[in-house]
Structures are given as structure tokens and as C-alpha cells.
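A.B. asks: Residues or ranges marked as active site, charge relay system in Swiss-Prot (evidence: experimental evidence): 132, 174, 201.
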């Protein structure tokens, strides 16, 4: 099976195009099987799960799919619902909407349903997409909230445990749109082993099974690699003090460009 038709993980910075070209959503639809897709929509992060679930249901229905189901999970007990678990065994794609990432993790983390979704994703059996809050939960370490517009400092970011879909990353969404570079750097200062991803709105980082990450959409994806960081004062200063971070590697990619995790290199678009 060519890479372009294999299941993938799509991490979306929020506010993806839902009306015109719908390129990111079309890519998820295609990677989930196109007209043969069986897609589950998880709107649990939203305060209005029924409304947001129906919105995405309409979008994917218009594209043409084999089956659609909104997994309207509002309490943790539903994470062991036999009907939902059966659907997850049959589906080809799962889409997690935006909202509140803490709410999403509170409902799904360590449930049989989420454990099986993660397992099937890791086995390359299904595609998984998350937008906004649905993107934030992708790592094991998750940015749960914080501020922006300041210098990097530890008080700028609130961390929590995510869903561990791609455990080696930490994600910030609505990135340049909300001036969140300092927030991502603050998170990286205490977790330099992680690859930081700052994803702009209507932009997606698509993780392939060969270790490559392709950028799709209108904005940029910033890759902050601190694995060779030579120094930080994070452990020496107060929570509100400015942070020093030496020898970071920053790559900013646009549509069609690729970052390779293993090679730790960025590649321009092949035309």
C-alpha cells in the first residue's frame, strides 16, 4: 500500500477549513478509506458535543463514507460502552474535535475505549485526527493551559498528562495565531527530551508510519528540538523568571514540507 493511502495521525492546529477546499479534513477522510471509510467522531472536549458532533457528521457525510457515528461520551463509564467498543473495532478513522483538552482527557484517559483506539492507531490499522484540544492531547505530556505574549517562564504554562498517542511530542495549537511560542518554549524547558510542535490554525502535522511528518494547510508548523540543548536555567530560577535555553534547534515548515523525526531534519517540498 503506498504511503499516501495508509492510515496516519493528523494533528490539527484548530480552525481548519470546513467550508471551501477542506483540504485537511479531505486528507483525513482519504486516509480513513475515502468512500469506504467508517468514521467515529468524538466531540467530548466540547461544551456542546451534540452540536459539534453533528457538524462534523454533516461534513464527512457530504464527502461520502460507508458509515459515521458520533461517540457522544459524557462520562467515564461510557469509555467501556459495548456498542462504542464494537464500533471502534470496525472503524477506519477516529476524529477528536476541539474544546477543552482537560475535559477530553478526563473522560477518555485510561478507558478501555481509548486504550483500544491507541492500540489500533499504533498498529497502523486506523487513522486518528485531533483538532485544537483534540491536538493538544496527542502527547503523553500535554499543555493544559497558560498564557501568551510574555517571555518564556515556567509560570506561563500548565502541564498535565495527555492521551499518549505520540508520546515523544508536546503540542501547542492556534500557535502563531495566539502568540504561543514562549509557552511552548516554557514547556520544553522542563521536558527537553520531547519534540515541541507549534501548529497554526488551518494547518496540520501529519505523522506517517515511516517517521516523517508532513505539513498540510495554510499556516506553519514549528518544530522545536531541545534534545541537544546545552543549558537551561529552568531549575535555578523562580517560576516567573525569564528562561534561558541554549542550543535549541528550530524548524518552521509550510505546506508540503516534511520533517523526519529520526533524522531530525527538515526537507523542502518536492515539486
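A Cβ is built for glycine as well, from the same backbone N, Cα and C atoms used for every other residue.
These numbers come from a predicted model, not from an experiment.
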A.B. asks: Provide, as an integer number of angstrom, the distance between the C-alpha atoms of residue 201 (active site, charge relay system) and residue 174 (active site, charge relay system).
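C.D. replies: Given the Cα positions, residue 201 (active site, charge relay system) is 5 Å from residue 174 (active site, charge relay system).
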A.B. asks: Write down the Cα-Cα distance for residue 132 (active site, charge relay system) and residue 174 (active site, charge relay system), rounded and given in Å.
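C.D. replies: If we compare the Cα positions of residue 174 (active site, charge relay system) and residue 132 (active site, charge relay system), the gap is 7 Å.
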A.B. asks: Show which residues of the chain containing residue 132 (active site, charge relay system), separated from it by at least 6 in sequence, have their CB under 8 Å from its CB.
C.D. replies: 12, 13, 14, 15, 45, 97, 98, 99, 173, 174
A.B. asks: Enter the number of other CB atoms within 10 angstroms of the CB of residue 174 (active site, charge relay system).
C.D. replies: 22
A.B. asks: Please give me the CB contact count at 10 A for residue 201 (active site, charge relay system), counting all chains in the structure.
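C.D. replies: Looking across every protein chain shown, the total is 21.
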